[in-house]
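**Q** I grabbed these lines from Swiss-Prot:
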- 42, 45, 49, 77: [4Fe-4S] cluster binding site (BINDING)
- 79, 147, 172, 176, 209-216, 417, 421, 527, 552-553, 575, 602, 814-823, 898, 915: Mo-bis(molybdopterin guanine dinucleotide) binding site (BINDING)
- 890: substrate binding site (BINDING)
- 35-91: domain '4Fe-4S Mo/W bis-MGD-type' (DOMAIN)
- 1-29: signal peptide (SIGNAL)
């Protein structure tokens with residue numbers, strides 16, 4: 001086909017698309033006959049949709065849903081169809097950029113100038129080594145990502161934890177899934193869901209809690225909608241939210257509740273079961289498979305515990321002071337009365353250092369703790385729409401409880417950020433399991449509490465790989481000596497290499513930058529300066545402190561703009577990779593095209609940086625803090641055949657085992673691999689020479705080494721080649737068979753192995769020995785085994801630390817919209833998505849707006865005690881807040897809403913609550 005025919009056929013196809021007509025098959029055939037289609041994975045949310053991508057002339061030219069993909073069955077959401085266009089924005093980063101002065105020297109106050117990869121790594125090396133020498137292993141920090149490929153995350157964690165002996169690496173998944181992780185670990189003793197997406201087609205009831213699935217998980221919502229339409233009378237949908245949204249459109253019931261009162265609603269449902277419908281309780285299931293537990297309530301809110309910190313403005317201090325104590329109001333006093341307190345009391349946060357401590361209690365104590373959560377009390381504290389009558393709200397709560405309680409009704413509870421981004425996010429995750437366990441509706445086809453993931457590999461990379469600051473792969477943790485020993489053996493490094501002290505979580509890395517305790521930070525595959533609450537502090541920390549900030553990215557987002565060095569990163573289909581989705585499904589893809597410009601993969605950047613460090617520079621005796629010094633392991637390294645002049649690259653990534661994975665592997669035939677073979681761009685690498693590849697199949701090596709961590713104990717993954725032949729597999733994968741429902745002996749090999757004569761086995765090993773106590777505290781020193789059992793937690797209702805007041809009368813909630821992904825770094829570069837939603841709006845109640853003489857489309861200030869931004873008001877659109885609440889998405893850097901939000905977190909998970917702070921709205 002010549003150029004004229006190509007243009008003609010393309011024009012016909014475009015015209016037909018605009019007119020809504022089908023395209024003649026002959027035109028499609030002519031247009032596509034030179035395209036190469038291959039399977040891949042969507043770049044966006046945690047749903048894990050399979051897609052087909054087409055390549056022609058070195059570019060991705062088309063994307064469509066993969067009909068063979070079991071997750072999405074050929075459908076894409078609006079973002080998914082633009083997976084190709086995110087790669088070709090006009091301001092794509094194509095070369096390293098360094099801040100320099102007029103002489104070309106690095107200058108933190110200088111302007112960005114193009115530099116070579118060699119110059120970029122020279123500067124990185126210099127500033128890293130300076131920070132490492134001055135501050136030790138805690139003087140550096142890595143902002144990691146739930147958008148890393150699995151291999152990238154594994155390489156990063158291995159370099160930091162085994163190479164640098166630091167645990168200061170933490171992913172942006174800390175912002176989205178950490179509370180879910182704690183909920184899983186504390187309840188089941190192991191991470192990730194027991195169920196799978198198949199539950200949607202098998203259930204009778206879908207209840208969403210703080211999960212606007214219609215916009216945030218639209219493909220799953222299409223499956224929910226299909227299930228609803230299959231049996232309109234039987235299948236029920238309830239949407240619980242702090243504001244009305246698109247998920248309510250097909251819901252049978254919408255329940256609008258006040259922020260944080262989901263805690264009270266769960267306890268109301270549990271009370272209904274225990275007090276009013278004891279026959280609904282699955283006593284056999286509970287007695288065989290569960291124990292009752294509780295923990296401390298006086299744990300703070302994850303803020304700094306010094307309200308007089310010199311970086312705080314005067315307006316911030318009152319809120320921060322609540323980290324140490326609060327004055328109980330009438331409503332909170334009722335929920336905490338079991339602790340012997342009353343309204344007006346000062347409630348001191350005495351257990352800030354032990355937020356995750358918990359112990360076994362009796363069923364009688366559990367029942368006693370639920371007693372205050374009557375329908376009258378919960379309706380009073382939780383009703384979120386002041387225009388709704390209390391009787392109507394009570395009726396909805398009763399209907400909700402009845403749906404859960406109905407004996408033969410299958411129920412799935414879905415949640416996302418409304419639960420997880422919560423100062424008691426771990427608690428509310430535990431409460432969901434509480435109700436499902438009481439009813440015996442967990443780990444069964446069509447029934448279960450199910451945490452939906454936000455990012456494409458928050459499960460596969462952040463959680464399973466262990467890029468969190470306290471974790472190692474396969475649910476292991478750095479504080480456990482047995483886990484360190486296992487990891488050191490797999491990594492082939494000396495004993496005592498791994499630092500036993502957990503590193504700084506994401507927000508603490510920011511605070512340590514502000515305090516001058518971290519001098520070097522490297523950002524990969526995320527945008528922390530846009531996505532972290534109370535952002536004015538962190539902008540100042542990046543620009544005004546003596547530190548060096550490196551950002552690897554594909555576009556110049558806010559984080560890149562505050563950086564000292566920017567590295568251009570390859571995007572998803574410009575590299576080999578794998579993601580793990582919310583239902584434990586792992587999916588791999590091949591590199592389809594070469595990266596643009598001089599961009600290189602994050603794996604390449606990690607390995608090239610590793611070449612800059614000799615063992616003698618990082619494996620000597622190292623002081624961590626006043627209580628911990630890491631011993632020198634150089635002699636042990638020599639005994640293992642290493643030389644002190646070997647680099648971390650030689651030992652960790654280019655060892656004998658790695659080089660056994662041949663570059664000319666048959667699985668790679670016909671596909672580029674820029675990391676392994678170099679490519680036609682002839683990139684001048686970090687050593688100033690042309691990079692012609694590592695010469696071994698590094699991605700396959702990283703995968704096969706990583707999967708060793710999970711084999712044999714319930715985290716089994718298939719081999720590399722298998723994933724390239726299938727549309728993903730749900731782990732554990734045992735004898736080639738995936739697992740749909742964990743802990744159920746009919747479906748889970750490990751459950752059957754743990755308890756061959758039982759229906760269920762909750763075989764997770766974490767925190768499975770507990771003392772016994774009452775509602776106040778543990779009463780025994782001795783710990784008792786909970787082998788194969790899960791925990792039913794009692795957790796009290798507590799309010800958010802900052803609530804509306806006379807000066808700041810509105811709740812602020814943040815989140816996403818359908819058309820954009822996270823901070824908009826990619827999707828705002830897609831013309832069609834930008835035209836659809838060009839700016840973040842301030843959604844507010846129409847009556848509130850009219851009362852303030854604010855019209856549709858007016859520009860207002862959204863202001864908190866921390867900062868303010870301008871936004872355009874909308875009260876006619878997709879989101880309908882009740883009076884007293886506004887909703888502002890965070891994808892738009894021109895509406896920098898995280899300057900306004902509060903950096904309070906769940907103390908157990910360290911996950912930020914982006915959903916609740918107090919603001920005032922004024923005309924701009």
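Residue positions begin at 1 at the first shown residue.
A Cβ is built for glycine as well, from the same backbone N, Cα and C atoms used for every other residue.
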**Q** Over the span of the domain '4Fe-4S Mo/W bis-MGD-type' (35-91), how high is the average pLDDT in this prediction?
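**A** The predicted confidence over the domain '4Fe-4S Mo/W bis-MGD-type' (35-91), as a mean pLDDT, is 97.
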**Q** Which residue among the binding-site residues 42, 49, 77 has the fewest other Cβ atoms within 10 Å of its Cβ, if you could check?
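**A** Fewest other Cβ atoms within 10 Å, among the binding-site residues 42, 49, 77, is found for 77.
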**Q** Starting from the Cβ of residue 417 (Mo-bis(molybdopterin guanine dinucleotide) binding site), draw a 10 Å sphere and report how many other Cβ atoms land inside it.
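**A** If we count other Cβ atoms within 10 Å of residue 417 (Mo-bis(molybdopterin guanine dinucleotide) binding site), we arrive at 27.
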**Q** Checking the contact step here: among the binding-site residues 42, 209, 417, 553, which have a Cα within 10 Å of the Cα of residue 890 (substrate binding site)?
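**A** Passing the 10 Å Cα cut: none.
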**Q** What three-state secondary structure does DSSP assign to residue 209 (Mo-bis(molybdopterin guanine dinucleotide) binding site)?
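**A** The residue in question, residue 209 (Mo-bis(molybdopterin guanine dinucleotide) binding site), is strand (DSSP, three-state).
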**Q** From the DSSP assignment alone, can you count helix, strand and coil residues within the domain '4Fe-4S Mo/W bis-MGD-type' (35-91)?
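**A** Taking the domain '4Fe-4S Mo/W bis-MGD-type' (35-91) as a whole: 6 helix, 20 strand, 31 coil.
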**Q** Measuring CB to CB from residue 79 (Mo-bis(molybdopterin guanine dinucleotide) binding site), give everything in the same chain under 8 Å that is also at least six residues away in sequence.
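**A** In sequence order, the residues whose Cβ lies under 8 Å from that of residue 79 (Mo-bis(molybdopterin guanine dinucleotide) binding site) (at least 6 apart) are 42, 44, 818, 819, 820, 821, 827, 833.
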**Q** Report the nearest neighbour of residue 417 (Mo-bis(molybdopterin guanine dinucleotide) binding site) in space among the binding-site residues 45, 49, 77, comparing Cα positions.
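**A** The answer is 45.
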**Q** Quick check for the class: what is the C-alpha distance, in angstrom and rounded, between residue 823 (Mo-bis(molybdopterin guanine dinucleotide) binding site) and residue 45 ([4Fe-4S] cluster binding site)?
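**A** Residue 823 (Mo-bis(molybdopterin guanine dinucleotide) binding site) and residue 45 ([4Fe-4S] cluster binding site) have their Cα atoms 13 Å apart.
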**Q** Nearest by CA distance to residue 553 (Mo-bis(molybdopterin guanine dinucleotide) binding site): which of the binding-site residues is it, out of 45, 49, 77?
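**A** The answer is 45.
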**Q** For residue 209 (Mo-bis(molybdopterin guanine dinucleotide) binding site), what residues in its own chain, 6 or more apart in sequence, show a Cβ-Cβ distance under 8 Å?
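**A** Residues satisfying the criterion: 240, 262, 413, 414, 415, 418, 419, 432.
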**Q** If the [4Fe-4S] cluster site is taken as the center of the Cβ atoms of 42, 45, 49, 77, which further residues of that chain fall within 8 Å of it by their Cβ?
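**A** Nearby residues not in the site list: 44, 47, 48, 72, 76, 79, 80, 218, 219.
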**Q** Enumerate same-chain residues with a sequence separation of six or more from residue 213 (Mo-bis(molybdopterin guanine dinucleotide) binding site) and a Cβ-Cβ distance below 8 A; give 'none' if the list is empty.
**A** 220, 221, 224, 247, 414, 416, 452
**Q** CB neighbours of residue 819 (Mo-bis(molybdopterin guanine dinucleotide) binding site) within 10 A?
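**A** The Cβ of residue 819 (Mo-bis(molybdopterin guanine dinucleotide) binding site) has 23 Cβ neighbours within 10 Å.
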**Q** On the three-state reduction of DSSP, what should I expect for residue 417 (Mo-bis(molybdopterin guanine dinucleotide) binding site)?
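**A** Once the DSSP labels are grouped into three classes, residue 417 (Mo-bis(molybdopterin guanine dinucleotide) binding site) ends up as helix.
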**Q** Looking only at C-alpha atoms, tell me how far residue 815 (Mo-bis(molybdopterin guanine dinucleotide) binding site) is from residue 45 ([4Fe-4S] cluster binding site), rounded to the nearest Å.
**A** 13
